[in-house]
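Noted in TrEMBL for the protein shown:
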| type | residues | note |
| --- | --- | --- |
| TRANSMEM | 20-41 | transmembrane segment |
| DOMAIN | 62-86 | domain 'Cytochrome c-552/4' |
| DOMAIN | 194-232 | domain 'Cytochrome c-552/4' |
| REPEAT | 587-620 | repeat 'TPR' |
| REPEAT | 621-654 | repeat 'TPR' |
| REPEAT | 655-688 | repeat 'TPR' |
C-alpha cells in the first residue's frame, strides 16, 4: 500500500448524499545528565515554577523531532493504520465493479467507483437497494472494513469486509441478522462507528451524542491512534522539551498527562484496557481519570462472553483474560511482551517466553513432549502459545490468542464443555478426550488443582450447592479480582444471610471492581440496612463505585438517608445521569435510566425509557421485562402478559421471567397458568424457594391439596429456617387432619434449626405422640 499522510482534523466530513440516502511514541525529553551545581540549587530552593498551561493535542509528527526511532516503529503499525480517509492509497478492496452475494441473507452487493469516490450498492435501512459512498477505511489486515455516512452524524460499518489474505469480499459475523430492523444490521446501532468503534480507532475522540435529537457531532483530533492516544495531550511536554536543558523547570512526568516510563501494571491498565477490554464507558477518555473504573467498567466473566473457566468465547479482547493469568498476578505488563510502538512482540516464538522462563526447564521435550517436526514437516506443537494461549477467530478471519495464559485442562473440558488447547485450532481435534487425557496423565500425572471454572459453571446452572462455594471463591485473595467479582455477582441466585455477609466484605475490598460488584448485587434489603451498607460508598474515590452506590440508594426515600449524605447522594446521581446519557445510544443505558426513574416512582418516565431502549434494540429483553413489570404495576395486565410471553418465546430458559409471568397470572386470577409458569421457574431455579412457595399457593387456589402440600414440603426443607414457610405447611397439615405429619415436620425442623421459634411454639401446643 502506498505511503499516506495523516493530518489532524476535527472529525468526519459533512455527510454527502448518495442515491436516496444522505449519507506516542513515548514523548519524553532527552535529559542533560551533567548540570552545574548552582542550577540544581536554584531548582531545589528557588521560587516555585510558574503555573503550567493546560495541555492540548499537537499531533504525532511533532513527536518525531525528538523521538524518531519510536515514531518510525509506530509508522505503518496497526495503530497508525487504524482508520483513514478512503483513497487510492488506503483502500485495499476490489471496487472494480465487483459483486458479492451474502451466503446467509442472499443480498447482492456491488462495489464500484464513481470518479474518485468508492461506492457500494446494497440493501439499505428500509430493506430497499440503495447506493452509498464509502468515506473511511478501517484497519489494514487481516481484513479491512468500510464506513458509510448517514444522517444524524452517523457513520455505519458495512458488514461486508475485504479479506486481505485471500483478496476477496466476505461476510462478517454474526450471520443471524433478521433484516434492516435488527440492531445488528449494518445500518443500525450494532454497526454504528460513533458508539461501537470510534474511541479506539482515532485520537482524542469526543462522541458527542445528543439523546434528545438522537444524533451525533462526533469529532477527533487525529484520525488514527497516534502518540497522544496513549500519552495524552503533548503541548506542555513539547514546550518544555524545546527549551535548553538548563532552562527547563522540573515538571512531573516531563509535562505529560499519562505516566508511561516507568509504568507499573496499574498505570499500563489505564493506557491499554480502555480499548483492549469488553466494557462500558462512563465518558470520553480525556486522560485525567485517576484509575480504570473512573473511565469504564470492565465486563465480568459473564455467560456468553467467557466460558465458565474464563476462556474467551465472545469478542472480549485481552484485558479480562490477562487479569486472570498468573503473569498478571506476578506484575507482568503488556509492554513486557509487546513493543508498545510497533505492536510486535519483542521476540519471536518461544524466545519471547524465555525472557523470564528457564529454557532448560520449559523449552524442552521433557516439558512439552512435542517435536519440532512431524512427518517431515515443521510442527508448532512445541511452541508455548499453542498449549498456553489457544485462540479463536473473531470477525470471521481475525485469529486472536487467549491472554489468560493457562495450563490446559482436558478434564475440565469433559466436565464443563470448555475448549482446551489440545483439541483447539486443529491440533488433535480428531482425537477423543480420553486419548488426550491419557497422554496428559502419562506426562504430568493425575493430580489436578481445583479450578474456579467448576464453581462458576455450577452457579450458572444454579446448582443448589454452589452458594457456599461462590462465597469461598469471592473471599480467596489469591484469586484474580475479576474472578472474585464474578463470584460475587453470581450470589444473586443465592439470596440469604451468608451471601449478604460476603457482599458486605466485598464492599470493603481494596479492589474497586469488587466493591462495584458488591454494591450492584445489594438487593432485597430494608431501607435501614441499605443505607448503612451502601451510603458510605457515596464517598468512594472511584467514580464507578460512587455512582453505583447512588443508583442503588435511589430506591430509598430522601428521608431514609442521613441529611449529611444528601449532598453526596445528589452528586452521585448527577454523575450517574451523565454516564448513562453519554451512552444513551445503547439500549442498556436507556434501560438503566428507566430503572432509575422507576426507583424514583416516575412511572411515565420509566415507561418512556424502556420503550426507547426497545426502539434501539427490540431484542434487548431486560427492557421488555421491566416494561412488562411496570405495565403490571400500573394495571395494564394484558400488555404485561404479551411482553412476558414474547420474551419466553425467544428465550424459554429465562426462569426469572417465567416467575414474573406466573405472578402476573396469579394477579389475574388465572391460577392454572400461574401454577404452570411458577412450577417452571421453581424447576429452573431450585435454590429460589419463593418460586416453589408461590406455585404451592396457586395449586391450593385450584384446590389441588396434595400437589400443593408436596410443593410446600420442598419449600420448607429447602429453607428450614423460614418461619413463614414452616407455618404455612403446618397449617396445611392441620387443615387436612394430618396430625402425625405435623409432629414429624416439627421434630425434623427442630433437628435442623434447634432455635426455630415457630416450631418451638407449635411443639408446645401439640399433643405428645
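Here the Cβ of each residue, glycine as well, is placed from N, Cα and C on the backbone.
All annotation found in TrEMBL is predicted automatically rather than curated by experts.
These figures come from a predicted structure and were not determined experimentally.
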Sequence-remote partners of the repeat 'TPR' (621-654) [C-beta within less than 8 Å, at least six residues beyond its ends]: 587-588, 590-591, 594-595, 598, 603, 606-607, 610-611, 613-614, 660-661, 664-665, 667-668, 684
- request: Just give the helix, strand and coil counts over the domain 'Cytochrome c-552/4' (194-232), going by DSSP.
  value: 11 helix, 8 strand, 20 coil
Query: Near the repeat 'TPR' (655-688), which residues from the same chain, at least 6 beyond its ends, have a CB less than 8 A from one of its CBs?
result: 462-464, 467, 493-495, 621, 625, 628-629, 632, 637, 640-641, 644-645, 647-648, 694-695, 697-699, 701-702, 704, 711, 714, 718
Surrounding residues of the repeat 'TPR' (587-620) on its own chain - C-beta under 8 Å, 6+ positions past either end: 181-183, 189-190, 280, 551, 554-555, 573, 576-577, 580-581, 626-627, 630-631, 633-634, 650
Composition by DSSP (helix, strand, coil) of residues within the repeat 'TPR' (621-654): 27 helix, 0 strand, 7 coil
- prompt: For the domain 'Cytochrome c-552/4' (194-232), what is the mean per-residue pLDDT, to the nearest integer?
  reply: 96
Residue counts (helix, strand, coil, in that order) that DSSP gives for the repeat 'TPR' (587-620): 27 helix, 0 strand, 7 coil
- line: Residues in the repeat 'TPR' (655-688) per DSSP class, helix first, strand next, coil last, are 27 helix, 0 strand, 7 coil
